[in-house]
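Participant: Feature table excerpt (TrEMBL):
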type     : residues : note
TRANSMEM : 30-53    : transmembrane segment
TRANSMEM : 73-94    : transmembrane segment
TRANSMEM : 106-128  : transmembrane segment
TRANSMEM : 134-163  : transmembrane segment
TRANSMEM : 183-204  : transmembrane segment
TRANSMEM : 210-228  : transmembrane segment
TRANSMEM : 289-316  : transmembrane segment
TRANSMEM : 336-353  : transmembrane segment
Amino acid sequence: MADERGVEAVEQWFRRRGLPAVVRGRPAHLLVRIAPAVVFIAGWRVLTAVLSAVDGETDADFDRLMDSDLFALGYSGLLLSLVVVPGLSSWLTARWVRRKLVERGGTGPAAVMAAAFVVVVPVVDLVVDGDSPVLGLLMQVAILTGLFAAAFAGVGSIVGWALRAAYRQARLLGELTSRALPLLLLFTVFGFFTTEIWQVGAALPRPRMWLVAGLLAVVAVVFLLAMLKDEVTLLTQSRTAPVGLDKLGETPLAAFLADDVPAERLPLTKLERANMVLVLVLTQVLQTFVLATLVFVFFVVFGIVAVQHAVIKAWIGRDPTSGTLFGIQLPVPQELLQVSLFIAAFSGLYFAASTVTDANYRSAFFDPLADHLAVSLVARDLYLGRLLEVAPHAADD
């Protein structure tokens, strides 16, 4: 039993490192594992429903309501809550899940969360917007089913580790942006004040602008896939000696360190190789998303301070309109949001390409991920070596 618990702890360690494909056991406690995603989606849906209910029927209503300082303060508080509450709640739930997985508990509270997710969110939509509760119930069940499927496939483990890795490296973005991106910042600030980019932003409907941003994102992902696939191949083939054994001393694999690392690495399955590529790509994508978001916020704030409505009118030939983002009314001109979105998407493409080609970016952002995979590969050798030792004994018994 103790050895079984030790193997389970090792498998959970691999999942937390975003490598569920390495694990040979079946995923368990799926209801508990999906709890952070359930909490995040529920919090987001409830807050967006409340924002949609209080922002008025038309843009004119929203502008009139924003003239009230009290309403503006309350609405700003709701917007801040939308940014903070779902993510914070999900993070706290993830910490609870990590503890409960070790204890093999938490099924009861997780079931309550799932039931509330299915029932409460449609009720809120019914009260706030008058939406059909039956349709809302079916949608929530479909989302919950998708979360179960994703958890079974290990998607949650990969996304969770990528989010943690991106968060750990987010503190480097400010330093790197000021040190290694001066030309990009100079170009984007200069482009921000050109009439043509404002005219294009004003002429494009929001769905078309999302298509433009999506096209740039697809180009970035395709580039990362091509580059990082080669990186994983080099990493898995360049094993001259065990790397990172000293980093496993305080992990569940500490008990395995007495074993000899197999002289020959068991070939990676296609699923394991795809898992490693996906971990690298998703982490790089999330880092790029963080940078693009910072650029977007910077230019929105910069535009509010530096560009008056009269100037926007002179550039686009008409009065600016009230802005919306994901269906949420914002006290910002729509044209400013459009221009900031385009500049952020372009900056993200530049950053994604630079993280694996530029030496400054690579040392700060990619090399730590490569070291992570190198240690994980040695841990995989120890883990599979122990399983191969146990299997013949089990067959003899």
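Keep in mind that glycine also has a Cβ here, set from the backbone N, Cα and C atoms.
Curation plays no part in TrEMBL annotations; they are all automatic predictions.
Neighbours and distances for these, please.
Facilitator: Counting only same-chain residues 6+ beyond the ends of the transmembrane segment (30-53), those with a CB under 8 A from a CB of the stretch are 75, 78-79, 81-82, 85-87, 89-91, 93-94, 96-97, 100-101, 106-107, 109-111, 113-114, 116-117, 120-121, 124-125, 128-129, 143-144, 147-148, 150-152, 156, 160, 326-329.
Sequence-remote contacts of a segment are chain residues at least 6 beyond its ends whose Cβ falls under 8 Å from one of its Cβ atoms, and for the transmembrane segment (73-94) they are 35-37, 39-41, 43-44, 47-48, 50-51, 54-55, 65-66, 113, 160, 328, 330-331.
With a cut-off of 8 Å between Cβ atoms, the residues of this chain six or more beyond the transmembrane segment (134-163) that come close are 15-21, 23, 27, 30, 33-34, 36-38, 41, 94, 114, 117-119, 121-122, 125-126, 275, 278-279, 282-283, 285-286.
Counting only same-chain residues 6+ beyond the ends of the transmembrane segment (336-353), those with a CB under 8 A from a CB of the stretch are 181, 184, 188, 191-192, 197-198, 200-202, 204, 206, 209, 212-213, 216-217, 219-221, 223-224, 284-285, 287-289, 291-293, 295-296, 299-300, 303-304, 307, 312, 320, 323-325, 330, 361.
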Participant: Can you tell me which recorded stretch out of 106-128, 183-204, 210-228 has the most Cβ pairs within less than 8 Å of the transmembrane segment (289-316)?
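Facilitator: Comparing 106-128, 183-204, 210-228 against the transmembrane segment (289-316), the winner is 183-204.
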Participant: So if I exclude everything within five residues of the ends of the transmembrane segment (183-204), which remaining residues of that chain have a CB under 8 angstroms from its CBs? That is, six or more out.
Facilitator: 177, 212, 295, 299, 302-303, 312, 315-318, 334-335, 338-339, 341-343, 346-347, 350
